[in-house]
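Asks: Heads up, here are the entries from TrEMBL:
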type: ACT_SITE; residues: Cys293; note: active site
type: ACT_SITE; residues: His461; note: active site
type: ACT_SITE; residues: Asn481; note: active site
type: DOMAIN; residues: 244-543; note: domain 'Calpain catalytic'
Amino acid sequence: MSEECKKAEADAVEFANRAIEFEEQKNFDAAIYYYRTAAQTLNAAYLLGSQIAGILQKASEYIKRAEELYKIKIEASTRKPAKNEEKLELERAEFLLRQGLEEDEAGNDEEATELYLQAAELCLKARKITKDKSLQAKLSSLAENALDRAETLKKKAIPAPLSPPSSPLPEISHLNINEPSSQKQILVNKRPVSPSPTHHVSGSSTYTKEEIAVLRTTSVVNGREYVPFMSIDLKERFAYPINFSDKDGKLALSPKQKTVFNRWVRLEDISSKPVLIELIDCFSIRQTIVSDCSFIASLAVSALYEKRFRKKVITSIIYPQNKAGEPMYNPCGKYMVKMHFNGVQRKIIIDDYLPMGAHGELLCSFSSNKNEFWISLLEKAYMKVMGGYDFPGSNSNIDLHALTGWIPDRIPIEVSNPTFPKDETFKKLYDKHNQGHVLITVATGPLSESEADRAGLVSTHAYAVLDIKEVLGKKLFLLKNPWSHLRWKGRFSEHDTKSWTPQLKEALKYDPRNAQMFDNGVFWIDYDSLLHFFNVIYLNWNPEIFKYTYCIHQSWKAGLGPVKDVYSVGDNPQFLLDLKSTGCAVWILLTRHIVDRDDFANNREFIAVMVYKNNGRKVYIPNEPEPFIDGVRINSPHYLCKIVVPPSGTTKYTLVVSQYEKTHTIYYTLRAYATCPFTLSLIPNVYKYKQEIKNGEWTAELSGGCANHPQTHQNNPIYQVALQSSSDDNKLLIDLRGPKQYYVGFDVITVTVNNSNSPGYFSKKAPPSYRAGCCILEIYNVPAGIYNIRPCTFSPGQKGPFFLTVQSTCPIKISRLK
């Protein structure tokens, strides 16, 4: 008998033993896997010449047992929990009482009275149904307590000269509610709840009319309204005498879901003891047939962060919550989720209907903890915003920002580029991940079918980064496939016995042989392999690393300025960033608001922020001055720009919002995060007066070229501008537009001024250089007087039309001299 045959026999025995062990633990998925694997291994041993008596029969028995367990699993999932009508009514009544008690404690007598009366009605209704004497007594007691308190509150509402002290609140024990007691804080700020209470707001805490209009316009996403989350929403009502159903109806299903869809079920139909969160854990997350791997990877890293650092980044966004701020199951079926999109935190209302297949399986992401539903409900809320379960596709940058509000960033992996900072990138990822400053996911690019199969990776797929280690000279990443199966097959996979030395296994507390036994989609991969097979690293930074923040919500009209800002950025939105100290860091996040599913799926708007060091003045020509930071336009809703200010650096910067091609009106939010105090403000248009020449022309007689041609330079059109002011501190903005094939410019010549001793006096000025099709000059401290403007092309004899626009801070008059 060959050694290979002996090994197959030994492996089959081990697989069978593991199957029995998992079956005893009621872990049917693992048991089914090992029974099938044992059968396959026995068949392989038979082909290799095994002499075990009845080997094929034993393999058949293992297959049969796997099928039996599968049937048991399906029956268990389709079986309706033993919850009769009176049990459901009791749960709703207790929840109504709980909510009534909270309103009572908060002094909201009218709301509390209504809830108490509805709870009493439910209790009495359930008492008529049940035949259980002890349950009847309990329901009667609850109804009596609720009615007594409602009556007390009604009397309290009647004015009286001398009101006796109100009756004490009912004992919590009487209501069968076991929660830690603490004072409930009700916020009353009109602005949405801050994403980070540690931030100092560097500006006004109220919205302008334009900002309100922007936020209102972009509250309607895919035809449904998601208003900004306000402090008053913490008082949202969740208790109802009947099950809540979302007024927006059921979510649209994806094509894959439709092929196996059977019915919609509520949480009470799936579990006899449903909870929102049993244990926050990344390993319990299971993605199914909804194509939202980026969102599920985002859930995984967020859950791991919350568990590791004990900071509520996920559990804090689901309501209702108990007094400890923990999400709680609502037997009335209504939930509220708070997510960041379109500039602010917004409010999403959902019911607890989930799609189920013909075999009793949930057709959405779920928790392997069968009674836990936070994963399914968070996914449902996000899918509702996205227009339904037919997810248009996203990336973890966008999804993590929606979930947490953390600052989205990305590192394109360009190992072929010699300037790619490989070592610096690893150090940053390693340090910041372990400090809890960042959430990290990675994504593959397009892979051929054979390449993906050979590597054990999925093409264009997101993976959660669970850990980063540098041990024994090895740089390793622990990744999780949102599918919870299918793992990396290369170096440091569970099958790579060569790389896993005893020392490394001990250092990482990892046994690849044990990992081989069950595929949960979690694997180690070395840094070099990650850089080779993945094409982008997504980072979401904790905003609390910055002490100061401020944002502005604006719109940019499609018809304002040229379609492309190659020639002029004068009509682009521009902002003054004024730092109050140096030696700091400032990050600028530009977020374009998206209100349509097709826009999200096929993002054709390319955006960026350009930064200029020009003392906060407005910029008109893209490269005059040269930008300090010239961003690459990207078709993502988020664009991040980082400014590092040295101790002796500039404190005033101009920020210019840019699009590759401006074809649609866009709504956006510009938010700054800084380690020092600052102000961020829209640079206003100071030019109140404007004169335009729309019929200018260089003719055969009047096309003398620039000053390099002195014999003909005088043969150009001349316009005279009179500044009708007594001030010596005027500003002029002169804009010349001509054919793109011509380099154009102009001279500004002083004819006469009121005060020739003015500091701003000049005899002649011109732009720094002639430019193709467009030339702009801004002049400060211009004394009142009369000036001639001579538009020119660079070379003589270049005929064609032009437009001349003159703007001023004082009244002006313009006339043509020749």
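Using N, Cα and C of the backbone, Cβ positions are placed for all residues, glycine too.
Unlike curated entries, TrEMBL annotations are predicted automatically.
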Asks: Give me the Cα-Cα distance between Cys293 (active site) and His461 (active site), rounded to a whole Å.
Replies: 7
Asks: Would you kindly give the Cα-Cα distance separating His461 (active site) and Asn481 (active site), rounded to the nearest Å?
Replies: 9
Asks: Mind giving me a neighbour count for His461 (active site)? Other Cβ atoms within 10 Å of its Cβ, every protein chain shown.
Replies: 20
Asks: Starting from the Cβ of Cys293 (active site), draw a 10 Å sphere and report how many other Cβ atoms land inside it.
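Replies: So the number of other Cβ atoms within 10 Å of Cys293 (active site) is 27.
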Asks: Do you know the mean pLDDT across the domain 'Calpain catalytic' (244-543)?
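Replies: Per the prediction, mean pLDDT sits at 93 for the domain 'Calpain catalytic' (244-543).
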